[in-house]
C-alpha cells in the first residue's frame, strides 16, 4: 500500500485508507508533524467515511504538532496509544471509522 518506491511515504504520520468491504486502497497520505501543520491532518481525518479501515504508521516524528483535536479524532478510530504518543515514538495502528471497540492492532 505504501513504500518509498511508490513515493507515498514521508516524515510524520503515514496513513492508508482501505475500503472495509472490498479491500480496495482508497487513499494514502502523509502529514509532517515536525515541520508541517496539523490542520491538513485534522481535515483529512474528518473526511474518512464509515466502514473505512485506517492504517497509520509514524516515521521520524509523528507527535510534535499533534494537538488535542487531532488526538481525539485518531482515538475515535480506535487508538488507545495516541494520547501518549511523544517525540519520535514509533507507532503503528490499525483501526476503522465507525468501529465501536478499540483497535485490534496497535503498537
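Every residue gets a Cβ built from N, Cα and C, even glycine.
The domain 'ILEI/PANDER' annotation in TrEMBL covers 11-98.
Residue counts of the domain 'ILEI/PANDER' (11-98) by helix, strand and coil are 19 helix, 28 strand, 41 coil (DSSP-based). Taken as a whole, the domain 'ILEI/PANDER' (11-98) shows an average pLDDT of 95 in this prediction.
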